[in-house]
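Notes for the one structure printed next.
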Amino acid sequence: MKDLLKFLKQQSKTEEFEGIKIGLASPDLIRSWSFGEVKKPETINYRTFKPEREGLFCARIFGPVKDYECLCGKYKRLKHRGVICEKCGVEVTQTKVRRERMGHIDLASPVAHIWFLKSLPSRIGLMLDMTLRDIERVLYFESFVVIEPGMTSLERGQMLTEENYLDALEEYGDEFEAKMGAEAVLELLRAIDLEKEIEEMREELPSINSETRRKKITKRLKLIEAFYQSGNKPEWMILKVLPVLPPDLRPLVPLDGGRFATSDLNDLYRRVINRNNRLKRLLDLAAPDIIVRNEKRMLQESVDALLDNGRRGRAITGSNKRPLKSLADMIKGKQGRFRQNLLGKRVDYSGRSVITVGPTLRLHQCGLPKKMALELFKPFIYGKLEGRGLATTIKAAKKMVEREVPEVWDVLDDVIREHPVMLNRAPTLHRLGIQAFEPVLIEGKAIQLHPLVCAAYNADFDGDQMAVHVPLTLEAQLEARSLMMSTNNILSPANGEPVITPSQDVVLGLYYTSRERINGRGEGMAFESVAEVEKAYRTGVAELHARVKVRITETTIAEDGERTESRRIVDTTVGRALLSQVLPKGLSYDLVNQNMGKKQISKLLNTCYRQLGLKDTVIFADQLMYTGFHFATVSGASVGINDMVIPDEKYSLVADAEAEVLEIQEQFQSGLVTAGERYNKVIDIWASANEKVSKAMMDNLSTETVINRDGEEETQASFNSIYMMADSGARGSAAQIRQLAGMRGLMAKPDGSIIETPITANFREGLNVLQYFISTHGARKGLADTALKTANSGYLTRRLVDVAQDLVVIEDDCGTHEGLTMKPLIEGGDVVEPLRERVLGRVVAEDVYYPGTEDVLAPRNTLLDEAWCDKLEEHSIDEVKVRSVISCDTDFGVCAACYGRDLARGHLINQGEAIGVVAAQSIGEPGTQLTMRTFHIGGAASRASAENNVQVKNAGTVKLHNAKHVTNSDGKLVIVSRSSEIAIIDELGREKERYKVPYGTVLEKLEDATVNAGEVIANRDPHTHPIVSEVAGSIKFVDMIEGVTMTRQTDELTGLSSIVVMDVGQRPTAGKEMRPAIRLVGADGNDLMIPGTEVPAQYFLPGKAIVNQDDNAQIAVGDALARIPQESSKTRDITGGLPRVADLFEARKPKEPAILAEYSGTISFGKETKGKRRLVITPADGGKPYEEMIPKWRNLNVFEGEKVERGEVIADGPEAAHDILRLRGIHKVANYIVNEVQDVYRLQGVKINDKHIEVIIRQMLRKCEITEAGDSEFLPGEQVEVSRVKIANRELEAQGKEPAKFERELLGITKASLATESFISAASFQETTRVLTEAAVGGKSDKLRGLKENVIVGRLIPAGTGYAYHTSRNQAAQNGPAEEVPAISASEAEQNLADLLNLAGSPE
């Protein structure tokens, strides 16, 4: 018996390996793998079902069909192990070897491997420097190629058609050699001397001027170097020997009725063998050339189909007209080996069932049906039954369990105790989609789920199903309990807020409990303690909502954990006093002494977690839930039709709107307004009518008038059920109530345009047929959108996970001083995100000082928690430089200090945390909530955009940011710079609002003036763009010739005449080269200079400019010299929602991006060409001027002679991330992407921490382009990982050599995933063929650094609990082999394990 065990053990040991290398297999290597040549296309004998000899399933080559039994039956049983039968030639061994042993086919003629031929760029083509078309013509026998030119005028690699070849033969005889087919290509490849080629090309590179040629040579050089360094030989891209897959991996299964189900590969192999055998025979017979050629071509095609069916020509189809699945199809795509079998596997010890509510469970429990538990824990039960002596053998135990003897249930109870199970609901969008619970046995067949974890699972009880998994080993149970238990996952990893907040019924119950009612029964009573309140409530003396006075006891916990009690009397209600009973000690009573809506409850739980920690919060959350359910039941809140009160004013409001619409209609018919204006106005009228109706309705619903104790009328918040549900945040919203009791309002057509006749009815009144029909559009669109959205969002998540999967925290501090400067986010007049929310949980990068002093408030490397943020707010700090993963210096990972707080745990992140995957999940999970559509800005919205003044919302002082300005004759400031901003600062120096002010805005207030809320501080004309004079003087026209460069126009109404500059296209030839301008001269007739510069005050006028001054007129500073009419900006569709997020992460270029200045300098315009303007920037330091052609229709923001800074906007438009990175640097591009992504999510009310987006951006920025190679081995223009360049540069600097210079590159997430160092990870993501081809040619080796690679090879991942295992392995690898581990006998191991299990199961 012992021998048997020993024998079984030794087969499963795999050798340790550091990485996986992929390369090309030489013919000799293929032969060395093989156990014999497959010569016949036969598979198995259909009568005996025995494999045919030398066929595709031959037992002699691949091994026996039955365990330890040769084919003819001469040798059976274990004792003949390893004998080779002399009759049938089969080795007696396990049948498992049929999964491992390969065969081979010797090809009669070499065949090109289709991956290296057709996978773009064609590797064979690059190697030979020939085009793919030419090579294909050679391979498929359409033309000859010269192999040895000899002494002739032909060139090596030259193509010859059949005729040319015959001519050449006549001319030169056998001086030269030309061939066709794969043999020819093979000889060409064999003749390449890699070393010589590399030397020649490296010498040639510096002298090449043409960009395309340099690119081509660099590509070829890279390929040849890859071959040279990896030891691959180019001729191995042509196959001489074809390996045959082991037969059990391409099985043939007999079905009943004498038919067979077979893997497609068998068909493909059969074709290859048939053609190969036929070709051999033809060659032996010395058949005519044309027949042999045809057969060779067919062989090439059948091998192509076997390797990658459908890559060339039409795919070979089987009997049922579908393409056969080739070897390449086996590994790629969702059903391929990578994604189906290696990255996701099915597991045993799992069950699934429908879920129902378990309102009586505790947070760490779930209800598990008895039947399910019995099945899942069977092995444990057998073991326990045997151990207790209730069953003698496993078989007996099995019988007992099948009969469900009473003892079995006792044993099951025992087994289940403290044994967590994992519950999972598909789709698992983030890590909270699998959590561990302790099972509680229940009758019935449905799993019971705790209501508070529904939010994390996104589960509801309308038929959702969930799966149960049992962690078997001790380690797995330990991990499930300590990391995955629902009680340990209270905070969301996406934003650090509680994810187990009550919703729906619970919220309604708590809200109802905490409301107050005027003149309730028992109002005005005073109680000595909360217990007394409860007594009064239970006996019916005081009702739940009565306003009373109560003396309460509060506990405060100091920093050192010391508790102090204090008593005070508070004005409160009976309900709130009852709520305070479940409030944990240490929280202030004020937290429940208010109307408890959903937001308040969430804040309450958050406060509880931060102040009292995990355990108290869990208990408190459960208590809140029980209380909420109880009082929601007591309240009797329900939805009745009478609760939907329709306001009386509705009908008059609708009538008024109809009258207004009629008026507009009349104006339109008499031609006063255009069709477009009429449409927009009608929509505006109805939109505002709808607003008024819904306001009237909400006012009506939300208050009621009651008689108070003094007999007077008083209004209070209403107890209307529907209003309470909406107000508490339990269910429904004002918009939904509006449709029930107000009016449904305007509807959209399927194309997104708004129908101008609104639905004036509501659901209580009911809709007529037309109204109902209009409504169906929206409902259908919603359903279609949802389906699309789910797929798109899932794909985005997959790309994000793939790009970030290998990012892990690997050290505590990288020591960098870099970071991002955080300020509060302000848009227009609102603080969208205060500073505290942006820096909470981050680490300070540079000391923060007390304002105006040199004293340090928060030293560098402080982790900013809630207390620190309060301090920053106290001292009104409004910018902090914090560490960020984008600027982290760690190679192949990030450090804990740059990441900051682990949001799901609330402390500094641990080493080994897989932050990349968490970030991807946090961004991808809310993806399904984002909208899919692009917004058409039409009707009401488009006119709002043309504001003509800036009105402030808060009092404060005015501050200008990068604004140049002049003072006009009225003493007001006029802005004469482009990207100026005006901000309002409060008395503490905090910024409250910020507005962009364009060129030509007139400021009503000077800088540092104080303003009151509601004041207008700036005015401008939104429809024209002025040119403002910066000096006072008299006007001189330059190149202004009537009829040539300008025309005079007189306004009919006012009689004023103005000069209009003509567009270049409209001018006669004489005016084409002229450049009309206005020059300002002083009283002495000399040119005036722009103040502070040597530039003459000369303003060039673009086409269509309107000049209202005459020649020689006097002008003051700040006056408008000319106006350029702005055509109302085209209403651009705003891409919103999911597509916008995807565009940002894919770093796609917008259609018409903003044009940014490439250098700092002075603007001038050069010679114009057809349709384009030439913009010239002359650098201030006198460098070479930079020119750029810009289409004429782009609205430029700059004038001649103006100074611009590098990266400033020259022409408006959406900014391209690549430009921002190039011109403004890495921090600006990070800021831009973070803000843009956050805008989309914020619109949907989804909170995601900036950190997660930064993690993805770090991965998008991980490549760089080498600009100067220095003394490194990189090539200029090569794309390399930044970490690798940094490491190489450190070594070079240490040796005193020249380091390489590089520029960071921004890659979209798909590009970045495919460009990762690990080819296994890239291949399992997308474009498997291309990735593997590239890796094989380069002989790449995968160091298995990331998570995916390790999952695929079946190891622990280098993150989380597997992190320690990997660190110790890496250290062991560096320190050399470890000493032998002392062996341990089976009995000892069993004893140790029993002790361990005993420990775990003991009540202590």
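The count begins at 1 with the first shown residue.
Cβ atoms are placed via backbone N, Cα and C, with glycine included.
Record features (Swiss-Prot):
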- C70, C72, C85, C88: Zn(2+) 1 binding site (BINDING)
- D460, D462, D464: Mg(2+) binding site (BINDING)
- C814, C888, C895, C898: Zn(2+) 2 binding site (BINDING)
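Projection of Swiss-Prot feature records onto the structure.
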residue: C70; record: Zn(2+) 1 binding site; contacts (Cβ under 8 Å, 6+ apart): A59, P64, K76, V83, C85, K87, C88, V90, E91, V92
residue: C72; record: Zn(2+) 1 binding site; contacts (Cβ under 8 Å, 6+ apart): C85, K87, C88, V90
residue: D460; record: Mg(2+) binding site; contacts (Cβ under 8 Å, 6+ apart): C454
residue: D462; record: Mg(2+) binding site; contacts (Cβ under 8 Å, 6+ apart): none
residue: D464; record: Mg(2+) binding site; contacts (Cβ under 8 Å, 6+ apart): V354, I355, R425
residue: C814; record: Zn(2+) 2 binding site; contacts (Cβ under 8 Å, 6+ apart): C888, D889, T890, V894, C895, A897, C898
Fewest other Cβ within 10 angstroms of its own Cβ, chosen from the binding-site residues C88, C888, C895, C898: C88
Around the Cβ of C85 (Zn(2+) 1 binding site), the count of other Cβ atoms that are within 10 Å: 20
For the Zn(2+) 2 site built from C814, C888, C895, C898, further residues of that chain with CB within 8 A of the site's CB center: E811, D813, T816, R883, V885, S887, D889, T890, V894, A896, A897, Y899
Output field, Mg(2+) shell: CB within 8 Å of site CB centroid, site D460, D462, D464 dropped: I355, A459, F461, G463
Cβ within 8 Å of the mean position of the Cβ atoms of C70, C72, C85, C88: remaining residues of the chain near Zn(2+) 1: L71, G73, K74, Y75, E86, K87, G89, V90
Helix, strand or coil at C898 (Zn(2+) 2 binding site) [DSSP, three-state]: helix
